[in-house]
Amino acid sequence: MVEPTSTTSLPPELDDVDLNSESESELIHWNHNDPENPFNYPTWKKAMICTLICLQGSWVTMCSSAGAAIARDMQVEFGVSSTVSRLPVAVFLFGMAVGPVILTPLAEDFGRKKVLVACLAIVCAFPPLFNRTLPSYPNRVLHRYISNSIVICGVFGATVITSVGNIPDMWRGDDIIGLWAMNGWAYSAEAVVLGPLIGAYINNAMGWRWVYGIWGIVGAASMIPFIILLPETRGGVILAARAERARQAGRPGAWAIHERLGRRTMSQIIKETVFRPATMLLTEPIVYCFALYDGLNYGIIYLAVEAIPLIYAQYGLQQPEVELTFFSIQIGVTLAIPLFYLQRKATLWRERKEGRKDVPEHKLIWAFLAAILFPVSMFWFAWTGHPPFSIYVSLGALVMFGISGHIIFLAVSDFTVESYGLMASSAVTGQSFARENICGILCLVSVQFYQNVGFQWASTILGILATVMGVFPFVFYKYGPWIRQKSRYAQELAKLEEEEQLRLKFIEAQFHRKGAKQDLWGMNLVAADGEMWRKHRRIMGPAFNNKLYQMVWTETLDTYREMISAEGWSETNSIEVPVIQTLTFKLALLIIGRCGFGFSFNWTAPPTAPDGTMSVQEALRIVADSHMLAIAAPKWLLALPFRRFKEVREAHDQLMGFMKAQVADRKAEMSSQDSSTTSKNDAFTMLVKANEDESSKFQLDDQELIGNVFIMLFAGHETTAHSLAATLGFLGLYNEIQEEVLEQIISVVGWDREPVLEDYSKLDKVLAVFYEALRMFPAGHIMIREATEDTVLQIPKAVGQEGTIPFPVPKGVQIMVDMVGVQYNPRYFDEPEKYKPSRWYGVANESEAFSAFSIGPRACIGRKFATTEAVAFLTMLIRDWKVEPVLKHGETKEVWRQRVLDAHLVLTLGVKDVPLRFTRRRGWPS
């Protein structure tokens, strides 16, 4: 037996939030199609923002390597070693390792633009300043290069280079344009190879002292459009600023989610940016293996910055011409960008084949190619980068290295982010710290390494390292899921993701509770609270009675027969339905129309009435299909002269006018005769009758009567349609369950007799398959309850522990329950991911063990309406037809399930398009 469930509390950060109606009205959130929401920015504006970010990132990146072009001149002028002369580049990289740790959290909490502009201003100001000070080189080493490169260029410049966070601010994870924007950002970060080229020409024309000076001047000039044109893209920061303006304007209760959930304490920042990244770098195989791999990949670029001039001096090339060879690497990087299209196609192919989405290992597919090209390019360069081989032969190796470098750079980041989810920033910070330090070390030892080991053998050693590390993409592609499961952070990550889902559901709840959608047609049972709810419940209760359920049963059988005839099933022994929802939604609409409203609908009714106006049946269909648009869109938007908006307005007005007329007609009919003798049993008529029988104290007005009927439409129509589609999908997958249900149907009803309502209680297995589908896809995915008095909930302890934990809930506090989490809780459901209707065999129809319809006094009043319709329809359909999934070529049933029976959220939770085949059974009467 399944136990009743308990509730889940709100996030601790929101314990002090006043969730009454007054504070809710002060919640600052995005409006529909809000132009200030970065996700709603026009494409040209998003492109402009990405361009500005990438240009500044390229500038800082090239600045990091420009010092390589002036190292020899400084070495000669000041008489220092080659290692000391390369400190400017190395310490910049060491600074880059530290910068994101310090500044990235500030950008996330206080706004990206503020931090970026401040960092750019510092990076632009200090190079010219230090260029005019500290005349002796020892001072320059101590002050200029440590202060300028580490504190200024390294630390502050790193924030600009790693400002990739602007992209997910504007595009969601699966947006293809956003993915290409990430490609562009990676390209800008790899402009590092152009730094020595530009630095060499400045040095040749103006002297080495002007290299950083010119860089500062160019950066300052480029800051002007950056400051003027770049908006803030951190959504939470924008809303927090709105809330602050509202408070200053005299609304002291205004607040934004980011103010409660977005800001972190200093201890949280230190944990997430220092301790956790360091621990992950040392203990997580994914983090440290790919940190080494990407460190070698990126470090070779800085090693090449120093080594390539030595190698090509064998061909007589000198500065600045020798730096032109770096264009070969940049050409390779450019050629790698279109390969992302192939990676995307390969990912989609794997998703279709495996029936799974968002698999981190899919990000490594194109890394297979890079794992081969990387070592090949090193060996190629090692043994062709000297006379008598043509210089162009070895330049081809550099092109190949550019291709592999770009792929590895992106694949490592993508795989790490997908693997660690909400901990990705810590994992990436650890990798970045290791990568930049590896780059700095390789930069310092580059000249000695190539001179002491030999040009050919130095590159060969790098090729051997690339070969050894090249197994990483293949190993983690195969064993990645197992490695992630064994991670010491697996449980903590699951907890963080659970908390994040709770936060998201809290935010979503702000738009579901006492929502505009619920009183769109009038106050109703769902929207009402307190005494108002009791008033509505008093009237609604009598409308749901056995007469109504008898009508539902009879009309469902009639509608089923109409469907068989109208859809051509009666003329064939087998038929495929590409999207079963087209039938289940129409069935549910006709049943709710006939039994909820008393309309004489039929399966093949035309969309227009005889007088040329929109028919009531068509109006009801449009209203049912467009309720999300009517809820979310402001009135001014629906008033625009577009065909779809006009159609919605017309349907709304047509149906509202018709319903008002129906209320008046039914009242007149009842006043002219004994209301107990009315022949109509639909819910609307019953509701009007119950209302008329009440005293004036409890009576509802006409608008409230209409509102209660329409909430049935919104709640019942979509729920029943989605759940029937999921039920048929599962029955098609599991034929043994289908045959077990058929056996009960035949034993109760037989092959020829028409089912009657009295059979309902005997068809518990038919009800069970519907219940189990509804459990796996609970239509009402959020349930909110408010304590009307001080309450203490008894929360069960962790699995394996006895007893409960008292959880006090003061009067007025609301509890939000994640119904998806409840239905998949292994405490209450063994093997919750498995479709097992047998778990409901023998469970009483109204048992609170089945909580998908909610439980308690405010449980769904239309539960018996929906289950009666479902049992009647499924009994007829399963008896007459065998259900099978329509598989694609080479597709297995398990892959079909992953592809088709996936969650789809609109107003309620349901499944995606379900393709099915129906074959007539032998028992079909001749």
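In case you wondered, yes, glycine gets a Cβ from its N, Cα and C as well.
Those TrEMBL annotations? Automatic predictions, nothing curated.
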Students should find that the transmembrane segment stretch in TrEMBL, chosen from 145-165, 586-606, 754-774, is 145-165
For the transmembrane segment (83-103), out of 177-198, 286-312, 364-383, 389-412, most C-beta pairs under 8 A are with 286-312
Here the stretch out of 47-71, 177-198, 364-383, 389-412 with the most C-beta pairs under 8 Å to the transmembrane segment (210-230) is 47-71
Quick tally over 286-312, 324-343, 364-383 of CB pairs under 8 Å to the transmembrane segment (47-71) gives the top stretch as 286-312
